[in-house]
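A short write-up of the structure that comes next.
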Amino acid sequence: MMKEIIASLFLLVITINSGGSAITDKEYARLPPVFELDNFDRCMLLEDEALYCTMEFHLYPLNPKNTSKTWNQIQELKGDAKNYYHDRLRHGICVPFVCPNISTKHDDPQFKTQLANCYSKKYEQYGVYGTIGYMHCETNEPRVYDFLDIIVAIFVVFYIILIVYASFYEGLARYKSPQEYERLTSSTYGKFVSCFSIPRNWYRLKYVSDSPNVQTMKGIQGVRFYNMFLVILVHSCMMASIASVSNVKWCHKLLDSISSVFLASGPYGVETFFLISSLLLSHYIFTHFNEKSGRELNLKTLFRIFLYRYIRITSPLAVVLILHSTLLYHVGRGPWWEATLGRDREFCRENGWLNLLYVNNFVNPSRMCFIETWYTAVDMQAFILVLAILYFSVRKPERLWWIVPSVWLVVQGIHLKTIYERNISNPMSPTGENLFLLRALFEVDGLWVKVTASTFPNLVGSLVGLVAGFIFYKYENERIFTKKIHTVLWWIILGCGLSIVLFPGMWIFSKNFYPTYWFSLPYFAFNTTIYGISIAVFLFGVTKGVGWMAKWCVEWGPTYILGRISYSTFVVHYAYVVVKTSLKRGLEYIDQFSILGDALEVVVCSTILGLIMVLTVEQPTSALQSAFMEKRISTVTSKVINEQNASNKIDNSDEKEKNL
């Protein structure tokens, strides 16, 4: 955790250039620009003549036997994987201004050929010509809302009306007597409506139980929030390069800096989410279904636990997926709008149902709807696996010590088999080509599909969390760090474990790195396990009172609530970043500080959107489950009512509080 924070700080203050190209800056400046965009909005003012085409223009030598100096320099740059491909120009042009003599319409099969011939004249001086690969053209005609768009829009309007009505219904009831409030909200109608009340859901969200167990474990929510921040920061860095940048050479140098280690450490951040989810589940099961409790963890209970979790995490996910595939597509337009949001809309309508079944990471993953939801798919699959292991070990915890290692060996064996067969030496590099329009994430048989988003390598964190949850339960009421040497050892173990993020990454992205199985196989076999153990050790130490400033940071009051909304924040942040990126009109200058500014903006805006999602979707879903599936009113509700009665100066005497 601390190493990730240190790495992110390095991103802001240091760039270590380990070498340069043989091409000078002056020569580089004379090459055809990788990115170039005409004024999109000016082009749209041409009314019926408006035609703006975004394309990928592939360059070739005019004379293959006697290539020009420019072509030779382009090939030299292409020889370094850290560089953009300079023979692929990503340009957006206003056709009436650039090629006014084209007579065919943009939907004519001959249009692409005529446009390529016209645009090639621009680069004849460089000894090259071009053909068009990807192309999308925009006119100023308004987009048409289809049937699904209209249905979703109607539903959104009615849902907003329900939220407003419920908030007033339950809010006004607070000004009545406690008995009248109870009567209005305890009927079937009242319970249903109250579930959608924003004031009630706000107090449910901010309520923190004063039980010793919750107070001890509250630092976990803080870790969840900080981890969510780091994951969003990594995604913001990636998305900064998704479209057109003006300082392309800075992106070339990105892998020569320590920041590349941070950019490639995103999977570790997600691993923390898996670990925390599994840890909390394991701790809950061992606490409530041990031999002393008298409760039995039978198949019916397992199904109920699974159903509750499925409904809770699917509701916000489904809302974002539906909006992403319908209404969000109509909120704007731009040069790269169709290549990002248009693609997402197509994929979501085609494969969105796979996300709701949580199999989207291995069924047609190269056309995945909402690519960040590979995490939710793996998390649900790991949840089912952990539940199954707990079912067989809750009564006999000693079984954990052979079940978990056995499962670990199986998943690691499958993972290493993939690494060996595909000759993978390092994780996906954050190169410009990999990040541009997230190209590497949509390769049919690419590294991201087969490794990063695959189920098996990501189960390790959940297995570590499963064991950690049992250890937390086992030593919950015991003092562990009784001597100073224990605390010192805790810091040493934590530092050594987290170094798996920094030091191997420095080797992977160094200039002298060479692929070898002597490094890659042990690295992939143990990196997530070592990292997971270090996070578990950190959490265990915090619950036992050690950690100094780290403990204060993760247990700081606001982080508890922020941690509780981290899931919805994570779900909505990708949609926000994609819309923000797709609205860009011109070339973007990026550096460490602009990336940090964008990341902070994304975190703040995503947190606000996540809070809205929690209050309007996640909390109502949870309240409906409590009110109707459990057939009881949560004890939290009673506390909320009492607090509100006091704030509204309702007579809250001991007798009336007892009635509540």
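Just so you know, glycine gets a Cβ as well, placed from its N, Cα and C.
No curator has checked TrEMBL annotations; they are predicted automatically.
Feature annotation from TrEMBL assigns signal peptide to 1-22. Marked as transmembrane segment by TrEMBL: 147-168, 225-248, 268-289, 310-331, 374-393, 400-420, 456-475, 487-509, 521-540, 561-579, 599-617.
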The transmembrane segment (225-248) in contact with the transmembrane segment (147-168), cutoff 8 A, at least 3 CB pairs, sep 6+:
no
Between the stretches 147-168, 268-289, 310-331, 521-540, 561-579, which one has more Cβ pairs under 8 Å with the transmembrane segment (599-617) than any other?
561-579
Looking at the stretches 310-331, 374-393, 521-540, which one shares the most CB pairs under 8 Å with the transmembrane segment (268-289)?
374-393
For the transmembrane segment (521-540), distant same-chain residues with Cβ under 8 A (at least six beyond the ends)
1, 219-220, 223, 267-268, 271-272, 275-276, 279, 408, 412, 415-416, 419-420, 424, 457-458, 460-461, 464-465, 467-468, 471-472, 480, 490, 493-494, 496-498, 500-501, 504, 547, 550
Positions on the same chain near the transmembrane segment (400-420), where near means CB under 8 A and six or more residues out:
385, 389, 392-393, 450-451, 454, 456-457, 459-460, 463, 466-467, 470, 517, 520-521, 524-525, 529
